[in-house]
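Q: Structure in structure tokens, see below.
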Amino acid sequence: MTKPIFKSKTKPLGWSKISSKEVINEDEEEEEGGEEGGEEEEIDNNKNSNNSSSNSNNNNNDNNNNNGEERKVEKEEEKEEINHYRNQFEKDLLDMELKALNRETIDNILSGLNSYEIFKEVNFDFEKLYSIIISEPPPLFDTFFDSVSSFEIFFTDCLILLCSNFPDGIDTSITRPNFNDFYNHFKDRGVINKYISRENIHKALNDKLMTDYFNSGIYLGLLDTLDIAAIRFITIFGKFLSYEVVETISNSLFRYRTDKIEFLSDIIRELLLCNEKYRTLSKSYDLVQKRLQKEEFTFIKVFEDDDPKLFSALYQPPDIIKLITEPEKDSGFWCMIGIFKSKRILDYLIRTEPSKSWFKGKESDYFFSIAEMGGKYFNWTLLEPKLIKKEVNQKSLKGVIPPRELNSQQRNTQFFRVFNGVTGFNDIRFVYANPSLAQHAIKFIQKVTECGLFLNTDVRNVRDSIPNSNSFLFRKFLEVNFFYRYEKDNEVYQHQPTEENSLLYSTSIISRIVEMEVTDLLSVVLKNLTQQGCSLAREAVDERSLLSTIHSDKYYNSSIVVLHNYWPIPPKFCDCSTSFISMANGKLPRTYSGSDGVIPYIFFARNHLTLGFLLSIHNNITDTIDINHWISVAISGGLYYDKEEIFRKYPLLQKESTLQKYPRPVNILEFQTLLENNECIEYIARTFIKEIPPHEVPTVKHSDLLILFEISVMKKRSIRSKESLQAELDLIEEEKREKKKQKDKKKNKSNQNQKNNNNQNNQSNNNKINSPSSNKLTQNVTPPSSPVNIITSSSTTSSSTSSTTSSTTSSTIEPKPPTQTLPIKTSSPTKPESQKPSTPDPLIPKSSKSTTKNNNNNNNNNNNNNNNNNNNNNNNNNKENREMALEVINEMEKIEIEESLLSTSSLVQPQQQSQQSQQQQEQQQQQQQQQQQQQQQQQQQQQQQQQQQQQQEKQQEQQEQQESIQLNQTLTPIIPDFQIGKFKFSRDENNIIGRGSNGTLVFRGIWNDRIPVAVKQMQKAFNPHISKEIEVLIRLTSNNCSNMIRYIDQEEDQLFVYLGLTLCEESLQDLMESKRYKEFIEKTTTTNITTTFNNNIIDENLYEQRILSLFKDVINGINFLHCQDIVHNDLNPRNILVHKGNFVISDLGLSKMQVETSYSFTNNAPTGQEGYHPIEVLQEKRKTKSVDIFSLGCILFYLLTNGQHPFGNNKLLRVANIVYDKPDLEPLKFNAPALDLVRLMISQDEKKRPTIDTILNHPLFWSTNEKIKFYESSLNLLKDPNNSQSKHSKLLNYYQNDNSGGVLFLSKPWNQIIDPFLIDHVENNNNNNNNNNNNKQNSKKLAIVAYQYDQVRDLVRCIRNSLVHHKDILRSITQQQNLPPSSKEFANDCLKSQESVLLYFECKFPDLLFHLYQQFKKSDFNSKDYLNIKF
């Protein structure tokens, strides 16, 4: 009989955990006890044998003693062997060597427990059953249990076996029983109740040994035979298992899974449902790669098996709703469905209850999302017919031409059935040169074509995704496991497959596939777009993409050939950018300018096969280009970043482009030579140069090939050798030297002629001024009886090209007979300048002669200096000087002839001639003086203008320096560590003064080394046309608009654009948040009013007026934008900055600008989360100028209420209040004009919102003069007989139209509100004025109309009279002797000006003016005839 292992001396097992050491010690004690018992039995047997056999001898006793010693030795050896096995098993367990476990040992355990009857026999006492089993272990079995087993492990085995019998006797409808069901089922059976409590089970299942046990036991021992038991065990007790245990079970199943285990997905499903941490980590994108490497379970297994059960366990209803409502936020999920074609999971999504509840009224959105995801990953199984119908739109296609048989009217109205869901070409990471996905795309597009649908030719640009833990790591995982990276060899940065480049170079679907170079895919796309007889237009393909493909050094013949079959490739590339055209027109010859600003594609081919194909379709081998033209087009076309990059790659091209003084045409062979492209050079030579055998082409020099190419291909007439070319160069140099010599000679001759002309002019002028008329002619005096010979010689100097001649005319005049002309004598050639003309000395005074010489010498010196200074002038100046010299000479000849005639008459009438000559001299002197005065005046004016300009420039510089000094004093000093162009700034974190969307940063910096600016750094990738838009903003803000932030300058590099803005102190939001807004208003408020009445009210009035003046700054800025047809679209306190005590508008990034490149400055639209956008913006409707009016209304409320918002201060509720039109204007209830204007400006109906002009005409913004005019016009309006009726007069006394049920405007008679002494003098002055007027008109005293103190009309009359006659009233008060000095001083403050009078009545009746304004708006008054107000 087997002894129970637990004796009374041992402590009961209970629920205390039995460690392996305790079990080992108890086993050793039992072994020792067994040995002692065996020895006692042997002794008793010996005694009996001795008694029975009396003839026994002593030898037997000796043998027995020897046998006992041998047995002791054997037992010691067995103990050592047992200890050896025990140590070995413990080592295996510590090293996690699960293969060392004996499968048969565990089978023996299970064979003893497999029967449910054994639990009944022991009355479900687990301790008793545990004692029985371990009391008689098989060989070595005790060592296994001693080192490994514990009561918890045994207890776990029992729970698993009990789960196999759990369905007996309970409701079979329970598919997923829980712990309560298990407990209720077994709680009344034996003593099991004390073992299956929650605490005991939790303690057992979280034991450290459970990990090793489940790693081996579940798979090796249980699952092959007890599949239902294992599933039920996890279902019932899964929530008690720790994450480590659950992960161990999952890894064992996932690592050693076989096809025999059909219930594997059921076990994984139960594990997912029972442990939240395990479920979260299994669907994590961050850990997917790591878990796959460790052969652990991930969500990819779900999509790979297309198992809806596992999917329902992995994704709970909240997850499903999120996937349906926001599919783009979890693109990895839809990517897995698309890659593995998980149609059953998709069907489950459609049929699931959360989806059905969400579908109400939103089926189209869901179907659109599914269709878009299906198109993104080219999965046709995701697109059922009903989903495709939701994606089909009737619209026109860019670049697709309808069949030609249609007439023009039908062709214009032709629409296509377009499928918009193919967005897979947007994501270059998944598609770019990926053969597996390309094959899916081919089949997908073929299905679309079979349905008669057209693909949308427009490809949307993908956005730069900011790397985060989810999307970035998951994309990397997809690249590693499902796609391979593709990078072009020897490609520049612009054409690497990056998302930034897809943003910069937007293209069509055909161009995108041409870049991908997948021929089969391109073929099916072209077939789709040309189905039903359609053809492709020129704009269907982006020529920049085609240019980049042709420029690749690899050859993709099939793609280009396929494209050419459907879309003929043009012979030349044309860049339509304005900068390129302007550059071409300015630098290129006629053959390259204007509309011919194109370059043949053959000059961009770097592969000889590509070049051959292009030459085969267009035989343009004789075309030529200009190198600088090619460089500019290559840069504008996106092939290279700048010239430096081109020159680094092609040094010969740099040398040729820099040496060219004038554009020179270059043929294709010479261009390929400059590129050092040997393959293309050999191809051109073998194909087109027939004089050289093809096999000898590689041996011929490139220079010889160029000569032969010019002769045979370019059709040059003569062969030029090196010697002839050198001789031609020598001749050209000699010709240049000769031309230079001739130019120098001409300059010298012209200078000499100019000197001679100047000398003669000076001499003649001096003779005219200093000598009498007789000295102007050379006379030979003879006696009266003899004739008098008068010889006049005049020398003329010809030009530098003609010879110099002089003619002398001599005339003989007799006194009595008539005058006789002597024969003309031809003089010899002109003498040199050193020789003087032969004139008698006595006829010329010495003084005049000396002065003439001095003047001539001075003039010569001055002329020499002038000539030396003018030697560097152009030939045009010399021509002008020559022409002027000839005119002077002609005039001098005419003067001399006239003087000769005058001299003859002077002999007859000397006195008259002398008088006339004196008059002429005086006149000439006066004219010269006048000319000199005019010249001096002009010089003075020019100097004054220059001085004024210099002063203005100095003033501007001083202002800029003062501004910079002020800003530098208020701001911390800038230590620049980065410079771009004229900008210098520091990229330190402390130097950042603003942040924006898409990585935009604003730094404090310096422009032009002295002016502080704000430098805004923006990424080019988000807006490739940002430079042009900044140019528009710079021109826009330079139009003297002081209420807009100034856009000063821009610079750019490879990644960013840097914009210089006016550096402002802070924003309006900063003022409010720092609680310095009131202090700012008070500091910037200036007033000249000093009063002694109601200073608090005056302070409040001035405070409000300052706020309104600041608000006018914002209105003027918006008015400036609206005049330019620009809507700001993002007005809020953060975009209103403080600059020099005024407000300026900033951040035109969301303005709707009429720019050729784009209509928005950034790609981000306003979200409206801050509550400054109207409902039409929130609903994404058409935006008009009224959007800014709504924002202005919110800002006006914000300013007047110290930072409050008209739709609530809670940002989360503002949007809802705007949508439901629930403003809260309670803070403005005591400011009626502001309340009225704000209510109109924030009206939900955009048509009811006022314009900018209407806002500025509102009474809230009236000046003092406008208010005075309004009172005067109001009185005239009330005097109108049509308005003076009792009905109209009484209407002013009430707030409402109904005078019976309305509220009185005056709470008491208005004479009780005004000071008594003032009303008395106002009445007296009114009576006096009426008497005076009546006496003047009728000379009779008429009845005086007295004031009625309960009528608003009379109050208006009183105010008007006080404004007009305030001086008379003040004089009468000061002359009154009974009044105390304080009253007189008070009256002086109130009546010293119209402004003080108006301020006094506004303090007494603050709502009167606006009350009149509202009443006059009504149709009962004919206010338009009197008031010039736009209501």
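Cβ coordinates are placed from backbone N, Cα and C, and glycine is handled just like the others.
For Asp1130, the entry in Swiss-Prot reads active site, proton acceptor, with the evidence type sequence analysis. What Swiss-Prot records for Ile993, Gly994, Arg995, Gly996, Ser997, Asn998, Gly999, Thr1000, Leu1001, Lys1016 is ATP binding site, and it gives sequence analysis as the kind of evidence. What Swiss-Prot records for 1-10, 738-749 is compositional bias 'Basic residues'. Annotation comment: Swiss-Prot describes 25-43 as compositional bias 'Acidic residues'. The compositional bias 'Low complexity' feature in Swiss-Prot is assigned to 46-67, 750-776, 792-812, 854-878. Residues annotated as compositional bias 'Basic and acidic residues' in Swiss-Prot: 68-81. For 777-791, 821-838, the entry in Swiss-Prot reads compositional bias 'Polar residues'. The domain 'Protein kinase' feature in Swiss-Prot is assigned to 987-1261; the stated evidence is sequence analysis. The region 'Disordered' annotation in Swiss-Prot covers 1-81, 736-879.
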Q: On the 0 to 100 pLDDT scale, where does the domain 'Protein kinase' (987-1261) sit on average?
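A: 80, rounded to a whole number.
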Q: Can you tell me the CA-to-CA distance separating Leu1001 (ATP binding site) and Asp1130 (active site, proton acceptor), as a whole number of Å?
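A: The Cα atom of Leu1001 (ATP binding site) is 18 Å away from the Cα atom of Asp1130 (active site, proton acceptor).
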Q: Three-state secondary structure of Gly999 (ATP binding site) from DSSP?
A: helix
Q: Using Cβ atoms only, which residues of the same chain lie under 8 Å from Arg995 (ATP binding site) while being at least 6 residues apart in sequence?
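A: Counting only residues 6 or more apart in sequence, the Cβ neighbours of Arg995 (ATP binding site) under 8 Å are Leu1001, Val1002.
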Q: What is the interatomic distance between the Cα atoms of Gly999 (ATP binding site) and Asp1130 (active site, proton acceptor), given in whole Å?
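A: Here the two Cα atoms lie 18 Å apart.
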Q: How many whole Å apart are the CA atoms of Asp1130 (active site, proton acceptor) and Ile993 (ATP binding site)?
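A: Cα to Cα, Asp1130 (active site, proton acceptor) and Ile993 (ATP binding site) are separated by 19 Å.
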Q: Taking 10 A as the limit, how many CB atoms besides its own sit near the CB of Ile993 (ATP binding site)?
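A: Looking across every protein chain shown, the total is 17.
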Q: What count of other C-beta atoms do you get within 10 angstroms of the C-beta of Leu1001 (ATP binding site), across all chains shown?
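A: Summing over all protein chains shown, Leu1001 (ATP binding site) has 17 other Cβ atoms within 10 Å.
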Q: Hey, which of the recorded positions Gly999, Asp1130 is the loneliest by Cβ count within 10 Å?
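A: Looking at the recorded positions Gly999, Asp1130, the Cβ with the fewest others within 10 Å is that of Gly999.
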